[in-house]
Amino acid sequence: MGTEGKAGRKLLFLFTSMILGSLVQGKGSVYTAQSDVQVPENESIKLTCTYSGFSSPRVEWKFVQGSTTALVCYNSQITAPYADRVTFSSSGITFSSVTRKDNGEYTCMVSEEGGQNYGEVSIHLTVLVPPSKPTISVPSSVTIGNRAVLTCSEHDGSPPSEYSWFKDGISMLTADAKKTRAFMNSSFTIDPKSGDLIFDPVTAFDSGEYYCQAQNGYGTAMRSEAAHMDAVELNVGGIVAAVLVTLILLGLLIFGVWFAYSRGYFERTKKGTAPGKKVIYSQPSTRSEGEFKQTSSFLV
């Protein structure tokens, strides 16, 4: 009770100081008692905004989520997209039911009608949503000595989930995980934010069954399906056999070309001509004028 009383007195002192300061300086002050608000999805919440030092205040509320900006309240009036579930009062705005799309930063902006006086305050709203069942991507087979990346993700949790990995039912995220017998000869890193499990390099001890878990501090932690990964040796014998087969085929091709050339096949092809029509012309015998007879003959 004593702690709550001290906090209340401190809050009252801060608020009083802001009011007195605004009166002395002739400037308006805008204040909120809740700069960071968390509320479960589908419940109601009021975002408060208190101001002083404005003779004729005009209040606006702005919503920012990433690169998206929207007006919730303009000139003390709720805008159309929010009209069915948000109400305005001089002390703030009230959501009748929030969804995960309402996550973001809300700014209360107060100004004079003439624009000579201005103040603002921001409130970060987090809509609490438990994580859904995560999905994983695990290669069924990886070569020892190579790099392997296993991924885990879910897209419903708010705030965003953090991820942990398990191999054969043993947690890999604990500080002493690499000191245990199961992971002593393994080289891996885990990014709890992205959900990536990276082996670099893969060792023979990394074969096993893997699954991940997602949790965000709200609701129940969710576990993925399990998937098996095999760490296999590089198939040197197969590579050597493939190279030998390639060399044999190349040798046979070279021998075939040499054999055809040695038998004169290419020379005959180059010098030979396709059989065609032959024309034989014989000189006509001397005859008297007027007696003409064709004596040319054509052989085909």
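Glycine residues also receive a Cβ, built from the backbone N, Cα and C atoms like all the rest.
When SER55, SER288 are looked up in Swiss-Prot, the one carrying the note phosphoserine is SER288; the rest have no such note there, which does not rule it out for them. In Swiss-Prot, CYS152 is paired through a disulphide bond with CYS212, chosen from CYS73, CYS212.
Mean model confidence for the topological domain 'Cytoplasmic' (260-299) is a pLDDT of 57. A C-beta separation below 8 Å, combined with a sequence spacing of at least six in one chain, links CYS49 (disulfide bond) to VAL30, TYR31, THR32, VAL59, TRP61, SER91, GLY92, ILE93, CYS108, VAL110, VAL121, ILE123. Neighbour counts were taken at the CB atom with a 10 A radius for the disulfide-bonded residues CYS108, CYS152, CYS212; the maximum falls on CYS212.
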